[in-house]
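Colleague: I am attaching a structure below and will ask some questions about it afterwards.
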């Protein structure tokens with residue numbers, strides 16, 4: 001194994017100017033990340049428009065029929081590759097038909113249209129996304145650190161906990177954290193969550209479409225890191241039924257008007273707009289979210305909209321700092337851990353600005 005790793009970690013910069021570009025895209029389920037690498041003649045590359053478009057077999061990802069299976073991927077964002085190092089890159093792509101139309105599972109295209117709207121762009125929407133996830137034992141799909149088929153002690157000591165009896169998977173979490181920093185992702189922190197084996201990383205502040213790009217690539221890096229350790233990553237919003245916290249992707253949001261003096265009035269109006277479209281947002285905020293949004297375990301009920309200051313049991317939470325300053329941001333606590341960040345970020349902007 002050590003010899004294999006030595007070869008995999010070879011520094012090629014002294015023998016060739018060629019680099020590897022790992023093209024990443026989203027498969028047919030909307031959550032399955034796919035990728036493949038191609039060799040580029042010259043590096044480094046920092047502008048995605050300088051990269052060639054590529055194609056893949058959409059019939060193997062449930063995104064095209066077998067008799068017309070070619071799907072074209074367009075490079076959209078570039079990150080440094082923490083696995084190959086050097087000038088090698090990760091490339092976030094979205095998918096189109098050969099005729100140039102976005103395929104149905106391409107949610108980035110519509111999000112980009114919303115963020116490119118001059119009215120939205122002028123407001124400079126900022127996002128901070130709290131991505132929760134659960135680490136599972138391969139084969140059993142039971143949370144890491146849990147006795148197989150059994151349960152640990154009740155929740156309490158695990159949130160931000162330390163020690164072998166409380167913390168499970170920290171090596172994966174720390175490796176992911178460093179890999180994201182290396183890649184250039186605006187990862188702003190990590191912590192152990194309330195349910196044992198569950199963790200969170202935060203991405204942001206990120207502006208507009210970049211929030212979606214960075215969350216998707218951070219998810220990809222997490223999957224790759226966990227793969228090395230033989231651990232499964234779950235974004236299920238309620239991986240274990242019963243008296244255990246679910247997993248969400250709380251989305252913190254502000255616009256230029258909210259961040260300026262008097263922004264609290266803009267925040268209140270935005271929350272009112274969100275309340276009027278609660279059902280539409282819930283429908284787009286992740287599969288299986290009804291198992292999580294029960295009104296228990298720090299969630300609001302999925303059936304009604306609520307908001308409050310410092311209230312983690314509300315649909316939308318306004319922080320005390322925001323209330324005190326009269327400006328700032330608010331947190332939409334409804335998105336599930338398996339939400340599509342392109343959909344959620346653009347939908348919040350569209351509802352509150354347009």
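Just so it is clear, glycine is given a Cβ too, placed from its N, Cα and C backbone atoms.
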Colleague: May I ask you to indicate which of 38-65, 66-93 is given in TrEMBL as region 'Disordered'?
Modeller: 38-65
Colleague: The region 'Disordered' (38-65): which same-chain residues, six or more beyond its ends, come within Cβ distance under 8 Å?
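Modeller: Apart from its flanks, the region 'Disordered' (38-65) reaches 17-21, 23, 25, 27-29, 32, 71-78, 86-89, 91, 93, 95, 103, 105.
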Colleague: By DSSP, what is the split of the domain 'GS beta-grasp' (19-100) into helix, strand and coil residues?
Modeller: 6 helix, 41 strand, 35 coil
Colleague: Let me know the model's mean pLDDT on the domain 'GS beta-grasp' (19-100).
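Modeller: Value for the domain 'GS beta-grasp' (19-100), mean pLDDT as a whole number: 96.
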